[in-house]
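Take a look at the structure set out below.
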Amino acid sequence: RESDHRAWTPVTYTVTRQNATIQGLIQGKAYFFRIAAENIIGMGPFTETTKEILIRDPITVPDRPEDLEVKAVTKNSVTLTWNPPKYNGGSDITMYVLESRLIGKDKFHKVTKEKMLDRKFTVEGLKEGDTYEFRVSACNIVGQGKPSFCTKPITCKDEIAPPTLDLDFRDKLIVRVGEAFSLTGRYSGKPAPKVTWLKDDIVVKEDDRIKIKTTPTTLCLGIVKSVREDTGRYCVTVENSTGSRKGFCQVHVVDRPSPPVGPVIFDEVFKDHMVVSWKPPLDDGGSEITNYIIEKKDTHKDLWMPVTSATVKTTCKIPKLLEGREYQIRIYAENLYGISDPLISDEMKAKDRFRVPDAPEQPIIKDVTKDSAVVVWNKPYDGGKPITNYIVEKKETMATRWVKATKDPIFPGTKFKVPDLLEGCQYEFRVSAENEIGVGDPSPPSKPIFARDPIAKPSPPVNPEAVDKTKNSVDLSWQPPRHDGNGKIIGYLIEFQKVGDEEWKQANLTADSCPETNYKVTGLTEGLTYKFRVKAVNAAGESDPAHVPDPVEVKDRLEPPELILDANMAREQHVKAGDTLRLSAVIKGVPFPKVTWKKEDHEVSPKADIEVTGVGSKLEIRNTVHEDGGMYSLTVENPAGSKTVSVKVVVLDKPGPPRNLNVSDVRSDSCYLTWMEPEDDGGSVITNYVVERKDVASAQWVAISSSSKKRSHLAKYLMEGTQYLFRVAAENQYGRGPYVETLKPIKAIDPLHPPGPPKNLHHVDVDKTEVSLVWNRPDRDGGAEITGYLVEYQEDGADEWTKFQTVPMLDCVVTGL
């Protein structure tokens, strides 16, 4: 019966042996069994199993593991993998045991750790060059099963395998702008190769759009939202120590073209059609331009009309235009991937553009003789119609009317020999072009030429010589050439050569910079010796050189300074204040002397302008003041000596203020003023003094004397008791100087004196301690009312008087005696 049921189920009734096989049991279920013996009499009692029996296959050790493989070999390790046995013996695998045997030995040695269930293991610590074989066994609860079949003998050494590369992309890849693309593949190699991506020989770096993914066996370069700049030759390199492999792919990221390049050029414009041209797009989108689409629009309308959409040229005829209307042209470029944005032209009016020819450029005159000249010009723009004739005109320079050089047509040549010129006259020439529309404007006049036979080069200058020299220059002089070659001498070229050198150097670059027969060669080096030569130049060219006979040593020619005084450098120079002082002298000397101006042996005032030229010097002071007067000296000095001249400069001006104004002898109606002459009389004799007074209560000064030459004055007619201020100024022929003023007011009052002595002093009464005194008024009061009388007493025989008191009246009682 099943362990969870109570009912028993008969299995057989015909068992005569002491064992039986029971069929039809369900695996995984538990059963109880019982058995009874039976004879002819009947069935005996049952005997029952004591515990339930679980139905399952019998447990054995596992089968041998399968597919033992070597995955990697290095010089000191081996990596192996295997699969589980087909049958685990009826119990779960608890671990695997991996064993190794050194070839030449008999025994296998266990190499795995305890309880290893992984089916991959790296055996480490092996000896390089040794050869091993391996086997693996599986274990379950029962025990260790049979070992697997042994591996082939494995020698410990680094595995080397050259890289392999298997790509998933072709040599070329075309991608639309904005789309994503990827380049993928597989690779292998031992040691593990390094993978590098290049674009046009530049390493590709990852960014927001570019992703690079590399696994041990696969490689991938992916680009999202591609742009035109992603176009290029991509290269993947797989490289290890044994070699490298490369894969290439030319990626074209294509798009519609950029617009054609403007501006639109109107090559021809007529009343009913135009011919326009343009330049191809800067970017064809990665695909050849298949055609251009050209449209036109009347500017008075909004409608664009097709002209053509099937041209690959960059020029097009625009037909069917209305005369006088303005048109715009727009042009698209098209390739396999789309149509560009348009290029739109400026507005252009449909009308014939034929006109008379342009004016030729300024003609050139050649081969001049005394009666002819050849005029040469360039062909101008013909105005749209072919040129049929040129008109050459001539004019004397001073005349106003142009005359045709010939009545015959001149064509197609662009030069003409003008005959019948008058010898010695100066001429100008001009050219006009003519087509069927008419005669165009004339060219600018040619440069003037004289009608005379060609000139030859002049003969050399005559008798060149060095006439002067300094430490860095030499003055040359010569005479004109004997023959001027029938041409005016333009000037002279001067050349110099350091003795010992081969090269001649030019002192002047152009002949017209030396039109005279003398020249100063500058910039020479002191102490060196030079040769000199001179060439004459006319319109035909340079003459042969004429040499200065002897070399010249460059050094200063010493001449002591010399001063030639101008009139303003006489012994004394007078100048009116406010005017300009000018002192000047001519200076000579070689080398030119150093010039020094001084005043009283000091530097001259900064307001003085000093000018030194190659022939003299000038000192100038504008708006002179009295202080600018003094002794001025001019010193000139060079190594040969020095010379000094002096001039006394007097600046004539108004005098200064008088000194020490003093007031004395003040009375009630007058006072006496005295003063001293000014320190500075302004360079001119003082002619008179001006004396003025002012009541302190008044703002007005009143003159009391203006012609006095004395240095004193009695001021009369003062009002008694009034306070006055006085001032004095000096005058000379150049004006009145500043005033000097009294420091404090002067009051007009008579001077005071002490009163006279009282008269007739006597006593009128005497007591033992006091005396009564009386007296009379004095004869004079001293110019002021008497205010009191001072009473004093003296003991007989004593020396000192003792003050008693001051009394106002003519009597007093002296007490305390």
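Cβ atoms here come from the backbone N, Cα and C positions, even for glycine.
Residue counts of the domain 'Fibronectin type-III' (1-58) by helix, strand and coil are 0 helix, 16 strand, 42 coil (DSSP-based). Per TrEMBL, domain 'Fibronectin type-III' is recorded for 1-58 (among others).
If you look up TrEMBL, you'll see 64-159 (among others) marked as domain 'Fibronectin type-III'.
The domain 'Ig-like' annotation in TrEMBL covers 163-252 (among others).
What TrEMBL lists as domain 'Fibronectin type-III' is 259-353 (among others). For the domain 'Fibronectin type-III' (259-353), the model's pLDDT averages out at 91.
Residues or ranges marked as domain 'Fibronectin type-III' in TrEMBL: 359-454 (among others).
Taken from TrEMBL, the feature region 'Disordered' applies to 455-481. For the region 'Disordered' (455-481), same-chain residues at least 6 beyond its ends with a Cβ under 8 Å from one of its own Cβ atoms are 487, 489, 492, 494, 496, 517-526, 530, 532-549, 552, 554-557, 590-591.
Residues or ranges marked as domain 'Fibronectin type-III' in TrEMBL: 460-557 (among others).
Feature annotation from TrEMBL assigns domain 'Ig-like' to 561-646 (among others).
According to TrEMBL, the feature domain 'Fibronectin type-III' maps to 657-751 (among others).
When the domain 'Fibronectin type-III' (757-817) is classified with DSSP, helix, strand and coil residues number 0 helix, 29 strand, 32 coil. According to TrEMBL, the feature domain 'Fibronectin type-III' maps to 757-817 (among others).
Per-class residue totals from DSSP over the domain 'Fibronectin type-III' (64-159), listed helix then strand then coil: 0 helix, 44 strand, 52 coil. Across the range of the domain 'Fibronectin type-III' (259-353), the DSSP-based residue counts are 0 helix, 50 strand, 45 coil.
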